[in-house]
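Residues or ranges marked as domain 'Cupin type-1' in TrEMBL: 1-131. Annotated Mn(2+) binding site per TrEMBL: His25, His27, Glu32, His77, in sequence order. What TrEMBL records for His27, Glu32 is oxalate binding site.
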Amino acid sequence: MPGLNTLGISIGRLDLEPLRFIPFHTHPRAAELITILEGTVLAGFLVPDPANFYRSRLFSKTLNPGDVFVFPQGLIHFQYNVGLKKAIFLATFNSQNPGIFMITSPNIASDLPILNDILAKGFQLNKTQIALLGKKFF
C-alpha cells in the first residue's frame, strides 16, 4: 500500500482454502498481528525452552471472525484453516519490511504437542513418519 510507505507498518490480506496450512516460518524484523475476518484458523507459535534445545513451548488458539492473535518477532509460527470454508484474515506487521524465513526443521517436541496433522503438512510427511520422528525427542 503506497500510503503506508515509510510509516513502519505493512498489511496483507490472506485467503486460506479449507484445511490448508501456512508452513512454519518467522519474521526476523517484525511482530505479526492477525485479525480473522471469515472462517476458523488454528494459529500458534513456539517459544524455545532455554533448558532443553530440543523442546519448545507451544502457544496456540483456534480463532473465529473478530479474533486477533499476535506472533512475537522472530518466533516460529503457523496458521492452519481448520474450517470447511475459506478463511480470510489480515496480517499486520510493525515493520515496512518484516522479512520471512521458511522453517524446514522446527522442534517436533513441545510441552503441548503440536497436532500431527500440522507437522505432517508442514514437513510434507505422513503421520507415521511424524510419530517416528517425535519418539526421538520424548
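Just so it is clear, glycine is given a Cβ too, placed from its N, Cα and C backbone atoms.
It should be emphasised that the depicted structure is a prediction, and the values quoted were computed from it without experimental measurement.
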TODO: Could you put numbers on the helix, strand and coil content of the domain 'Cupin type-1' (1-131), residue by residue per DSSP?
DONE: 16 helix, 57 strand, 58 coil
TODO: Return the single residue from the binding-site residues list (His25, His27, His77) that has the minimum number of other CB atoms within 10 Å.
DONE: His25
TODO: Could you name the residues, excluding His25, His27, Glu32, His77, of the same chain that surround the Mn(2+) site, i.e. Cβ within 8 Å of the Cβ centre of those residues, in sequence order?
DONE: Thr26, Phe45, Phe71, Leu75, Ile76, Pro98, Ile100
- [ ] Calculate the per-residue pLDDT averaged over the domain 'Cupin type-1' (1-131) and state the result as an integer.
- [x] 86
Task: Under 8 Å by Cβ from Glu32 (Mn(2+) binding site), same chain, sequence gap 6 or more - done: Val70, Phe71, His77, Ala91, Thr92, Phe93, Pro98
